[in-house]
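Student: Provided herewith is a single structure, encoded as structure tokens, for subsequent inquiry.
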Amino acid sequence: MCSISAFLNPYMMTPHLQEARNASLRSKVTVVGSGNWGSVAAKLVASNTLRSTSFHDEVRMWVFEETLPSGEKLTDVINGTNENVKYLPGIKLGKNVVADPDLENAVKDANMLVIVTPHQFVEGICKRLAGKIKTEAEAISLVKGMEVKVDGPRMMSTLISQQLGINCSVLMGANIANEIGQEKFSEATVGYRQNKGAAESWVQLFNTPYFNVTSVQDVEGVELCGTLKNVVAVAAGFVDGLEMGNNAKAAIMRIGLEEMKAFSKLLFPTVKDSTFFESCGVADLITTCLGGRNRGVAEAFAKSGGKRSFDELEQELLQGQKLQGVSTASDVYEVLSHRGWLELFPLFSLVHEICIGHLPPSAIVHQYNQRKLKGKSLGRL
Ligand SMILES: NC(=O)c1ccc[n+]([C@@H]2O[C@H](COP(=O)([O-])OP(=O)(O)OC[C@H]3O[C@@H](n4cnc5c(N)ncnc54)[C@H](O)[C@@H]3O)[C@@H](O)[C@H]2O)c1
């Protein structure tokens, strides 16, 4: 038997007690989500929890359970093969990743929660978790997207913080999941609010020789970059589908970055200009406009002359993965029209009008100039 004072005072401890104390101080990590990026996130953090004494080795990964065409449960296959055969085939996640289909069980001991599901599911998941998370837990959101309510837009980190009653940072960057799964070099940005110590823990948890993570004190800036670039990627896909060439694509990326910055600063005046030069800003924009899924599906949409719906193309081309740019364009449009800002953001508004079939894909370039001339200038925002 040991006394409490011996447990608290390291100088009074036996090696056995010391070990027990150290174990009790280690953070337990749970990844909520197991899609393409969720699986890569689990792999990244699992390699670090094994290496560092700050964390428990095991990483729990909550899986939205599915039955595979073979009749097996996805969770069983992940735990049997150490691979997410549906969302990240061919990549070993690390033996210390344990897939768990029971959401409450997966999070019950966690003090570091990595939230990484498509944004449309975040609110429902948080509702199920409210009151079931350790009060001292910290969260980080890797989710790209926002929620629009009557009283305005709400970022995912805010939703998570409010619903779970815990602090939430964000991690965004030029991160096409499959490339990082293959351990190809990339960078990412952690955005934090006040808690620099928490940001440092997140950097320690995610940083690897092939995944360089830095932190900035600008949650909204980092999160809005990650969210809005998907709208620009849809515009880039239209330009690709119409074979308008590299100059047009570069122009779309430049205009998109300008609108991303202006929109973010109008909504949150604290957003920093420098954030747009981090991995979450210009680098993520470039990679998403060159290779991401939003670009790819928008290219197919433009090639069909806007005749095939995004829903149909998403199902055909993404096999269960989710498209973000089209719904984010709709959310952004709602904010713009509600606040009387449509004329300030010709690219963002055109993307939505094309997606819903009110304009042909070619309007992305042809109508842009007309609207720009008629509209107000973004000036120095
Ligand atoms: N894939 C990437 O390259 C990448 C990179 C950076 C960020 N992201 C962002 O990460 C987030 C997660 O994307 P992903 O790529 O991991 O997912 P994904 O699109 O690959 O997979 C979809 C996931 O949603 C799950 N799902 C389906 N229905 C559900 C439901 N009703 N409730 C809960 N979950 C359900 C599926 O099981 C699957 O795990 C998104 O916000 C995405 O924008 C993705």
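Along the chain as shown, the residues are counted starting at 1.
Each Cβ is built from the backbone N, Cα and C atoms, and glycine gets one as well.
It should be emphasised that the depicted structure is a prediction, and the values quoted were computed from it without experimental measurement.
In case it helps, TrEMBL gives these features for our protein:
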ACT_SITE  K229  active site, proton acceptor
BINDING   G33, S34, G35, N36, W37, G38, F64, F121, A177, R293, K322, Q324  NAD(+) binding site
BINDING   K144, R293, N294  substrate binding site
DOMAIN    28-196  domain 'Glycerol-3-phosphate dehydrogenase NAD-dependent N-terminal'
DOMAIN    218-365  domain 'Glycerol-3-phosphate dehydrogenase NAD-dependent C-terminal'
Student: Which recorded positions from the list W37, K229, N294, K322 come close to ligand 1, meaning a Cβ under 6 Å from one of its atoms?
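Tutor: W37, K322, by Cβ distance under 6 Å.
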Student: Report the same-chain neighbours of F64 (NAD(+) binding site): residues 6+ apart in sequence with Cβ closer than 8 Å to its Cβ, ordered by sequence.
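Tutor: Result: G33, S34, P101, T117, F121.
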Student: What Cα-Cα separation, expressed in whole Å, is found between W37 (NAD(+) binding site) and the residue listed as 'active site, proton acceptor'?
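Tutor: Distance between the two Cα atoms comes out at 17 Å.
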Student: Take the mean position of the Cβ atoms of K144, R293, N294, the recorded substrate site. Which other residues of that chain put their Cβ within 8 Å of it?
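Tutor: The surrounding set, listed in chain order, is N230, A233, T288, G292, R295, L323, Q324, G325.
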Student: Specify the nearest of the binding-site residues G35, K144, R293, K322 to K229 (active site, proton acceptor), where nearness means the distance between Cα atoms.
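Tutor: Checked the binding-site residues G35, K144, R293, K322; minimum Cα distance to K229 (active site, proton acceptor) goes to K144.
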Student: Tell me, which binding-site residues from G35, A177, K322 are within 10 Å of N294 (substrate binding site) if we use the C-alpha atoms?
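Tutor: The binding-site residues passing the 10 Å Cα test are K322.
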Student: State the count of C-beta atoms found within 10 angstroms of the C-beta of G35 (NAD(+) binding site), not counting that atom itself.
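Tutor: Looking across every protein chain shown, the total is 22.
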Student: Counting other Cβ atoms within 10 Å of each Cβ, which of the binding-site residues R293, K322 scores lowest?
Tutor: K322
Student: Have a look at the recorded positions (K144, K229) and report the one with the fewest Cβ neighbours inside 10 Å.
Tutor: K144
